[in-house]
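Trainee: Got a structure here, written out as structure tokens. Questions coming.
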Amino acid sequence: MYPPPRKDFIALTLSDQHSRSYNNGKHRRQSCWRKWKQLSRLQRSLILFLLALLLICGLLFYPSFSEQWRDVSDRAVREDWDGDWERGLKPVPPGVGPAVGPAVGPAVGPAVGPAVGPAVGPAVGPAVGPAVGPAVGPAVGLMGVVAMPEVAPTVGPGFLPKVIPEPQRPKVPFLHKSQTKKRLFPNKRGPPRLQDGNESDSQAKPAEKERVEKEDVEKVEEEEEEEKKPLVSWRGAIIEAIQATESPSSAHENDAAMPSVPVKPKDTAPLAPVSVKSVDRLETVREAFRHAWKGYKEFAWGHDELKPVSKSYGEWFGLGLTLVDALDTMWILGLTEEFKEARKWVETELSFSKNVDVNLFESTIRILGGLLSTYHLTGDEMFLEKAKDIGLRLMPAFKTPSKIPFSDVNIGKGIAHPPRWTSDSTLAEVTSVQLEFRELSRLTQDPRYQEVVNEVMRLVHKLPGKRDGLVPMFINTNSGQFTHKGVFTLGARADSYYEYLLKQWIQGGKTEPDLLEDYLVAVEGVKKHLLRTTGPSKLTFIGELNHNRFNPKMDHLVCFLPGTLALGAHNGLPDDHMDLALQLMETCHQMYVQMETGLSPEIAQFNLQPSDGRDVHVKPADGHNLLRPETVESLFYLYRFTKDAKYRDWGWDILQSFNKYTRVPSGGYTSISNVRDPVNPGPRDKMESFFLGETLKYLYLLFSDDMELLSLDQYVFNTEAHPLPIWPSPPI
Ligand code: DMJ
């Protein structure tokens, strides 16, 4: 009835071949043994002696060989790029030539010269070549061909300013360089676990994230049980910590050594009247910073992030992320001692010569951005040297067939790759590294950095698939096309694309019309597709579009928008941008005050129904607060432009809530799981680096009466709150 089972022809064939080859091997082994037996005793002893000698030599010389090999591999990262430069990047785009030409030699020489000396040449080829192929697959095969030569000629006029303006030397005191190499606060709490902690906002896989977060919470609960710490009553513990707040007088101890307002671009600016209230508030921010720093210093020194509840640390890149992200905040807040310690760590301990994968976007905005801004504020060349080092090591990310960068780079090996599950990059990530790389070009007078990021903007500018200026969330690194079309958001994965359109335009002295055009069109797209008002209180909010269906969901991340819109209006863009900024600021404020803890959830759902109920709802999985900065960032911009004191009061309320619900008595602040539960907000045991890099910095600037402190007419803040100078307008 049933046909007989089919013979598996392929399986049989393989089996035959296999057995044949097995027999051959046996014959070979037997004949070898016969030959060995035929040797004289003297011959056999001689061979054994030579083998033993070889083994001993190998053991003796292994350490020095491996050391040399590591050097070569480090240099390979630089050589790889300089090789490309030599091979194809020499032709400088028209307009850049005259300004850059003479400056390139001396500027680049000291930075890369010694590292790529002639001896390295032959060693680099084999070291880098074979490693690239298998790691990134077929996409990389094209790299060698595509390389960089086409970058310069294809850069459109709209994006590349005619010259890279010369950097202006900051007129601020230089710090003494420390000679000591001793590690200040060795933390022996266990080996670093690289790559296990974080995923960027835009890359996080929700299920995985949820699992990790759940584990964190469970771990926290276990520890609470075990240690019987005051955290059993979370709220009580927080109140206790607030009572221990340092008094203003002791907090000012170091003021004589370092001005609390170190950057004074206009020496002649009249002194603003200082209110008692703002002094108190500034001091409270400084105290909050010191408290966070205390935890970091004690339990996480030199590591990426503090886990304040378990009094340990988490690693993401293994590059002291919190410390680097916080450098300029310490300088701005006038925290002299803390800054000096951190500077010493950067000088003596921070090494980018590490076999580690870093996310291009996150390391650019936090590390490169942090180093560049600290260089500008302090004038300390050490920070610029570090910035050049990491900048160069990130460049392989741009070597893709489409020139849309990969998400990840191994900064030790100089190999870039996409995430494991896709060849797509996140749109916000590839379009939010521009401020930093452009500034690096200006400072080094080396156009390569600017060229690769300008090329990304040029490609995205002309790409089909936008909806009235709104962009999809992903872009493919092979084809250079948008993917996952049909979903439009101003939240995770797209947010800072819009922010950087405006900020690049401002940074470049308003000389790049394509950036402005894309920004203006996008704001109209937002108004047309994403803007709605709630039923109960008529709050204006930004929702999402999902294949033509409107979703009344707004990430806290979107609260950057009021500040960005206001910045645009301040720079001459239409007045209705400011009107929208004011309305959205109110909504972001409501996302805080309508919660029982006074802290915003990560994602809010807005109520479109006309009723007298709540405007803001929170899904159980969305009620966490990660100590994010976006709302206080926008409050800072709106206060600067309107001087309306209510924005300061709103910021003050947020700081109080952070102190009440997220402060850990032993040092540090923690993200929490549930902003609707003031009794147990559910500490997550993690202090993100942006709490020090952004949140506390923006709060300080919000409360400062000195409007010239990082004037918004002279600085543009990157998306991690690191201020970079606005370039002087290029000559006509
Ligand atoms: C920061 O790293 C940056 O502000 C980024 O643009 C968005 N996410 C965090 C803060 O929320």
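Even glycines carry a Cβ here, placed using N, Cα and C.
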Trainee: State the residue range annotated as region 'Disordered' by TrEMBL; the candidates are 69-90, 245-266, 597-618.
Mentor: 245-266
Trainee: Taking the recorded positions Glu362, Cys559, Cys588, Glu602, Thr719, which residues show a Cβ-atom distance to ligand 1 below 6 Å?
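Mentor: Going through Glu362, Cys559, Cys588, Glu602, Thr719 in sequence order, those close to ligand 1 turn out to be Thr719.
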Trainee: Show me the subset of Glu362, Glu602, Glu630, Thr719 whose Cα is within 10 Å of Cys559 (disulfide bond); these are the recorded positions I mean.
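Mentor: Qualifying among Glu362, Glu602, Glu630, Thr719: Glu630.
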Trainee: May I ask you to report the DSSP-based helix, strand or coil state of Asp495 (active site)?
Mentor: helix
Trainee: Round to the nearest Å and give the CA-to-CA distance linking Thr719 (Ca(2+) binding site) with Cys588 (disulfide bond).
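Mentor: Cys588 (disulfide bond) has its Cα 18 Å from the Cα of Thr719 (Ca(2+) binding site).
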Trainee: Where the distance is taken from Cα to Cα, which of the recorded positions Glu362, Cys588, Glu602, Glu630 turns out closest to Asp495 (active site)?
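Mentor: When the Cα distances are compared, Glu630 comes out closest.
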Trainee: Could you tally the C-beta atoms, other than its own, that fall within 10 angstroms of the C-beta of Glu630 (active site)?
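Mentor: There are 24 of them.
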Trainee: Taking only same-chain residues 6+ apart in sequence, whose CB is under 8 Å from that of Cys588 (disulfide bond), what do you get?
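Mentor: Sequence-distant Cβ neighbours: His556, Cys559, Pro562, Ser600, Glu630, Thr631, Ser634.
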Trainee: Give the number of CB atoms, excluding that of Glu602 (active site, proton donor) itself, located within 10 Å of its CB.
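Mentor: Step by step: centre on the Cβ of Glu602 (active site, proton donor), count other Cβ atoms within 10 Å, giving 21.
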Trainee: Give the number of CB atoms, excluding that of Thr719 (Ca(2+) binding site) itself, located within 10 Å of its CB.
Mentor: 27
